[in-house]
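Written below as structure tokens is the structure these notes are about.
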Ligand code: SAM
């Protein structure tokens, strides 16, 4: 079976923030659409993560993405992975600083692939953007290499395009290509008044010109550019009706609530205490609350 929302959009993916804790402080972070964690907020338990994934799998969920916060802050991640049902594609998005030493164990526990955030290769810019040290930057690069060696493929390098780092896009394309990784360029979801977003439209136009081949993915209608052996994927959610029309995921917050849309917090469904059939019912309820945020109308009305 496949879940579908009232707009006919199939739901085949779960994106779960398994913690709000993080060792970096990215200046643009959207905290996966959650209010930045007040101290003392509860953290979703390992049992809840396993239960929601099992219930989702029986309803036709095929892909699970674990995120955060920084998911590697959880020491029980490998044991959670080992409890997940067969047949799902399970991936992780991480800042990579604690990945190198765990990549083999994560792969052994059933993780299929990783996205590693890396917004700059220059220590000073990396520090300004993420708050991380030069050592953190080295560890993130080692994390990417460790993931490639452990077979967590394809490894995607996530770069949020900012004014601060837009001049480095071509260096990052080379960096990813030389390792056999995919570069994912992400449009900044910007807080009003911040003004730090880079010119992703200009970069995409340059990619279009230089590409040997361009492919459009079904998911979110993301475009992929192939250039001299390198692969670059562009993620542009802002004011993008196509992005919402092709959104096929349901989110789970770090404090255990089903979240129908990244950009809304007024329609969450608590999963506390749910199991088996009741967990399925709550997933179906949350799917029933999904509606495209960017739908061509006045989004601010919502
Ligand atoms: N700590 C992990 C990491 O660094 O990948 C997981 C959490 S992070 C919120 C997940 C992804 O969201 C990262 O690739 C990050 O770059 C992206 N992200 C965070 N804030 C964003 C924003 N305001 N606009 C676009 N992407 C953002």
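Keep in mind that glycine also has a Cβ here, set from the backbone N, Cα and C atoms.
Source: prediction; values computed, not measured.
Listed by TrEMBL as binding GTP are 15, 65, 156, 249, 250, 251; the candidate from 93, 94, 97, 130 that the record includes in that site is 93. In the three-state DSSP reading, residue 244 ([4Fe-4S] cluster 2 binding site) counts as helix. For ligand 1, the neighbouring binding-site residues among 28, 29, 93, 251 are 28, 29, 93, by Cβ distance under 6 Å. Listed in sequence order, the residues of the same chain lying 6 or more apart from residue 22 ([4Fe-4S] cluster 1 binding site) and placing their CB within less than 8 Å of its CB are 29, 68, 69, 70, 73, 95. As a whole-number mean, the pLDDT of the domain 'Radical SAM core' (6-231) in this prediction is 95. The number of other Cβ atoms within 10 Å of the Cβ belonging to residue 261 ([4Fe-4S] cluster 2 binding site), over all protein chains shown, comes to 21. The 10 Å shell around the Cβ of residue 93 (GTP binding site) contains 21 further Cβ atoms across the protein chains shown. Cα-Cα distances to residue 93 (GTP binding site) place none of the binding-site residues 26, 28, 244, 247, 261 within 10 Å.
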